[in-house]
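Enquirer: Swiss-Prot lists these features:
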- E354: active site, proton acceptor (ACT_SITE)
- V326, A327, M328, E329, N330: substrate binding site (BINDING)
- H353, H357, E376: Zn(2+) binding site (BINDING)
- 679-690: compositional bias 'Low complexity' (COMPBIAS)
- 676-699: region 'Disordered' (REGION)
- Y442: site 'Transition state stabilizer' (SITE)
Amino acid sequence: MAAQCCCRQAPGAEAAPVRPPPEPPPALDVASASSAQLFRLRHLQLGLELRPEARELAGCLVLELCALRPAPRALVLDAHPALRLHSAAFRRAPAAAAETPCAFAFSAPGPGPAPPPPLPAFPEAPGSEPACCPLAFRVDPFTDYGSSLTVTLPPELQAHQPFQVILRYTSTDAPAIWWLDPELTYGCAKPFVFTQGHSVCNRSFFPCFDTPAVKCTYSAVVKAPSGVQVLMSATRSAYMEEEGVFHFHMEHPVPAYLVALVAGDLKPADIGPRSRVWAEPCLLPTATSKLSGAVEQWLSAAERLYGPYMWGRYDIVFLPPSFPIVAMENPCLTFIISSILESDEFLVIDVIHEVAHSWFGNAVTNATWEEMWLSEGLATYAQRRITTETYGAAFTCLETAFRLDALHRQMKLLGEDSPVSKLQVKLEPGVNPSHLMNLFTYEKGYCFVYYLSQLCGDPQRFDDFLRAYVEKYKFTSVVAQDLLDSFLSFFPELKEQSVDCRAGLEFERWLNATGPPLAEPDLSQGSSLTRPVEALFQLWTAEPLDQAAASASAIDISKWRTFQTALFLDRLLDGSPLPQEVVMSLSKCYSSLLDSMNAEIRIRWLQIVVRNDYYPDLHRVRRFLESQMSRMYTIPLYEDLCTGALKSFALEVFYQTQGRLHPNLRRAIQQILSQGLGSSTEPASEPSTELGKAEADTDSDAQALLLGDEAPSSAISLRDVNVSA
């Protein structure tokens, strides 16, 4: 049997010992229908067959469990209407402490109906092999993002007695599984599929305890069409050529949402001693040149701050533009959208943020979705410590100022009393946790962590605390009180000073008060980069305009950092609508220059164009939307177009480009375009030729097209997908 090994264990590194999950039951999670509090999940095994022609995944799941109390009547798992369960079975665990993972038998392809899901093949044990017996099961509604799967258990089960539950299923139209036809990839050569589990989508990938409070190790065997490369978030992987299947194993406990898979026309290139990039062949040279050597630099900086990297390898896979978020911190294998490759500084920040998640989020995880700031706030703090170590304080302060500007912009939109501005957000039953993802999770969380670092008076001492915190809680899930108790225990002098009760800055108020952060970091070390931005913005808002424009045009922003230009454009966006003569002068001064910059800059300028109904530059908006297939670069423009007087223009561009968009993104844009149909779409001023034939279309015709065959499917709800960057 020929085996091509792709081991993710770092060369010469010893595997960190795996701590068993804590004995107390996991935290209660209202987003989960499961009975996770009654069981301990030890390991899960997946046998998966990818069927891109049918957009179907056929699976066999083997759960290794033990009950925490005697005679549990049933096992309840999170599932989804997209899952069709074929069978459930029970198997007593063998007497041996550790059993070789089971194999899976895959049906041979052929004409006729779709073959059944894979069958498990358990290893023969000495004596009589534990027999499988069928189990009754039922599926009940839970929320609009999932179902509950109840599996009846044998009555004689004892507490702490290991057993296995085997579930065979197929999954179609699953929110977690994104199927792409070849034409939606860069190379247009082979089909592509990826999964996105955060927050609660993986219940449509496989039945599970879909809560961050539960972690376990996993293994998987995956069969894919010939020539398709499969990758998973696993510490070890290998391809068995004779069998035509991929084998994966994750040796550290992870929550269900971090089990991830991607398959397509992917090729690897090493970029460091423990890192490689995977991408479509046409993207691989660019990805390699931008990240070669850099990832190892970031990992080494993180290790100096927070202790050894415990996941073996750190690989990155670049996904097609359909990927619904910017990046996802799947352990050992970060998923990142390929569109970000042209924006160097954003690429650096996004990858470093995912590196930071290796300690904060993946190793130590928030036990409930109500406290996502525990992962995102700490990861953002760690990200900025890493950038300070590698690129200096000025760059870090510039990036922080850019993000805090965005936070205050969101605060104005939501209002200071918005409950989602709390760090500890109360998740009501039925509400999708993905709705809680916002800038407060990241930036208000960061500000609180930064405040804690200032209390101890020395960033290095705070780094030492975080290092000890990770060592204590690695491979477990925690609540905010665990972090704060550990902080006060590590700094007893601060506990004696009752820093948690300082008037106006109480820890409880940080966690539960609405509104902006109670304190923000000192960003004066970045003034050399932020001061020119503020000066240029002030020039463009000064009078008389001709003198201001002349002074502004003397400033060469082509030499600025990307975050400086983005911050300047964001300030202009905040002031929109601007006087038409200002927009005209801005266009004359910057439009051609900005058109040659990366997409993060171009989209901001084009939003200014749209929000100010500046028709002379609409051709640039059209060209941008014709070239983009990414949610991050299309949704904001369509939302702005449909808010103002340019809805007809938006309809026309969408009709011409929809064939190149992923169905999920197409549905999202259709929902934006269909809102308010029936009201006038006539522009506020005389339309240019850019508005074309769409100006003559009737609202009823538009609505018929938007809500006809391409109407949103009940099987895929947009709110099922986390679209936060």
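Each Cβ is built from the backbone N, Cα and C atoms, and glycine gets one as well.
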Enquirer: I'd like to know which of the recorded positions H353, H357, E376, Y442 sit within 10 A of N330 (substrate binding site) at the Cα level.
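Expert: Close recorded positions: H357.
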Enquirer: Rounded to a whole number, how many Å is the Cα of M328 (substrate binding site) away from the Cα of E376 (Zn(2+) binding site)?
Expert: 12
Enquirer: Most Cβ neighbours within 10 Å: which of the recorded positions E329, E354, E376 is it?
Expert: E376
Enquirer: Measuring Cα to Cα, how many Å separate V326 (substrate binding site) from the residue listed as 'active site, proton acceptor'?
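Expert: Checking the Cα atoms of V326 (substrate binding site) and the residue listed as 'active site, proton acceptor' gives a distance of 11 Å.
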Enquirer: Please identify which of V326, A327, M328 has the densest Cβ environment, defined as other Cβ atoms within 10 Å, among these binding-site residues.
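Expert: Result of the Cβ crowding comparison: M328.
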Enquirer: Among all protein chains shown, how many Cβ atoms are found within 10 Å of the Cβ of N330 (substrate binding site), not counting that one?
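Expert: So the Cβ neighbour count for N330 (substrate binding site) comes to 28.
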Enquirer: In sequence order, what residues of the same chain, 6+ apart, have a Cβ less than 8 Å from the Cβ of H357 (Zn(2+) binding site)?
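Expert: The answer is E329, S375, A379.
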Enquirer: Whole-number Å only: compute the distance from the Cα of H353 (Zn(2+) binding site) to the Cα of A327 (substrate binding site).
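Expert: Distance between the two Cα atoms comes out at 9 Å.
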Enquirer: State the Cα to Cα distance, in Å, between A327 (substrate binding site) and the residue listed as 'active site, proton acceptor', rounded to an integer.
Expert: 7
Enquirer: What whole-number Å value do you get for the CA-CA distance of E376 (Zn(2+) binding site) and Y442 (site 'Transition state stabilizer')?
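Expert: Taking the Cα atoms only, E376 (Zn(2+) binding site) lies 5 Å from Y442 (site 'Transition state stabilizer').
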Enquirer: Suppose the substrate site is V326, A327, M328, E329, N330. Which further residues of the same chain have a Cβ inside 8 angstroms of that site's Cβ centroid?
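Expert: Neighbours found: I325, T334, F335, I336, E354, H357.
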Enquirer: Which of the three DSSP-derived classes (helix, strand, coil) applies to A327 (substrate binding site)?
Expert: strand
Enquirer: Can you tell me the CA-to-CA distance separating Y442 (site 'Transition state stabilizer') and E354 (active site, proton acceptor), as a whole number of Å?
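Expert: Cα-Cα, rounded: 13 Å.
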Enquirer: Using the Cβ center of H353, H357, E376 as the Zn(2+) site position, which other residues in that chain lie within 8 Å, going by their Cβ?
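Expert: What remains near the Cβ centre is E329, E354, A356, F360, G361, S375, A379, T380, Q383, Y442.
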Enquirer: Could you check what DSSP calls E376 (Zn(2+) binding site) once collapsed to helix, strand or coil?
Expert: helix
